[in-house]
Structure formats: C-alpha cells, structure tokens
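Taking it in order: structure first as structure tokens, then the write-up.
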Amino acid sequence: MASKRILKELKDLQKDPPTSCSAGPVAEDMFHWQATIMGPADSPYTGGVFLVSIHFPPDYPFKPPKLGLLELLDLALVFMFIILHLYYTRCICVRGIEDCKEFKSSDDLAVSLHHRFAYGTYCHVTFKAGKMPCLLRWLKREYLLITLLAARCLDVTVDRFRYGHVAFRTKVFHPNINSNGSICLDILKEQWSPALTISKVLLSICSLLTDPNPDDPLVPEIAHMYKTDRAKYEATARSWTQKYAMG
C-alpha cells in the first residue's frame, strides 16, 4: 500500500506542485525522495535553494516520515527511564562518533546522552540489565537495536535517525532546524494524519521558514536570539543563506 500511495503523491506533485517547492525520488528508490524548497520572499532565507531529504517508512501513510531530532529527544527520555530501572555494575560505556568514555554515575551519563542527542550524534550504550522483559519489548517497539548479551548485559545501539525522516541537507540557521537538518514540525509527529501528503509537509516547512516557532525549538540558542535580538537573528540567517544556499 505504501508504494501505491507514494506513487500517487508523486503524480499529484508533478501535476500540481506546491508553490516554490519540488520533490521526487532519488534514482529509482520510491521510499527516498529529495525535495527542493526556494527560500520564501518574506524571510531571511529569500534567494536560497534548500535541499530536503525525505525517507518514507514502510507503513506510510499510517506513520509519517519522522523527524530526526524529535525521535532523538524521545530516545533521551527512554535512556533516562533505563537508567532508573535497570541495574548496572561499575560503569556505563557510551561509544559515539568522537570518543569512547566511561561514566561512573547516571548523572554524568544523562548529561552526555542529552548532549549527544541534542547534536544528533550516533550513540552506543552498554550496561548491566536486570530482568525486565516488558521494558525490553517496549524498547524494541521504539526501534532501538537491542541485543541481550551474556551476563545479562544489555547492548543498545541508537542511530541518528529512525527509519523514516525528513531533514534539510542544506545548512539553515533556524530555531526549529538543527545542525543535522532535523526539523521540528508537529504534523510529522503527534499531529500527523494519513490524509496529509508530502506536498502539505513541504508547504508547512515553507511556513516554518517564514514564521519560526521559538517556543518549541531544536536549537535553544537560536530561539533565544530570535526572541531577544531579531535583527541579529535575521542577519545571521541571511548570511547562512548566502553562504550555504546560494552556491
């Protein structure tokens, strides 16, 4: 069903593309699209050409192409839950892209995980686990890659994104778009409906460029700048647009 729905949306987009947007499959992979968004005229992104990567989940449209960082923030809460409910000995080892570090306390681990998730980095966690099959089943439903090792050591791998995601490939200075291109947009999470389409998603992203939501930011520093120094925010956003979206 997903393939038929995606093909229909592609035909509709080709017939009646949304204003200032275009989208289509990469090569012949119908589940992987690339979209192009022209920066809205009434925003500091005007004149820019922004590329957006779209991955459809297998059960689309019943599940949306999910947003990267929102999933990662959810996983941060998952790990807080794990820390409180699983027994471990000595230390917890977290292996990310940059380093391998051991943490003696759950507080240190919590700070590290939050930092990694905030910047969208790969994370791998190994620690002692108690007998909690219900929790393990729940975690597997959350798309974590889990292996129960010898001596009841739980091995959890968390990637930057879950299977489906929508993300900017062009760097954008925006409170709701982080350095990995992940986008905070409610219709791609709790407000998703199978009646929505990629065309409507692209239009919503255009609206987000014009009217950011600093009260639900992915980058708090930019949201603070947007609220307290709008001129500096717009100047920086224009500078990024010229540097990354006009080349």
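Glycine is no exception: its Cβ is also placed from the backbone N, Cα and C atoms.
What TrEMBL records for this protein:
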DOMAIN    1-246  domain 'UBC core'
TRANSMEM  69-88  transmembrane segment
ACT_SITE  Cys184  active site, glycyl thioester intermediate
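Of all Cβ atoms in the shown protein chains, 23 besides its own fall within 10 Å of the Cβ of the residue listed as 'active site, glycyl thioester intermediate'. Under the three-state DSSP scheme, the residue listed as 'active site, glycyl thioester intermediate' falls in the coil class. For the domain 'UBC core' (1-246), the predicted model reports an average pLDDT of 71.
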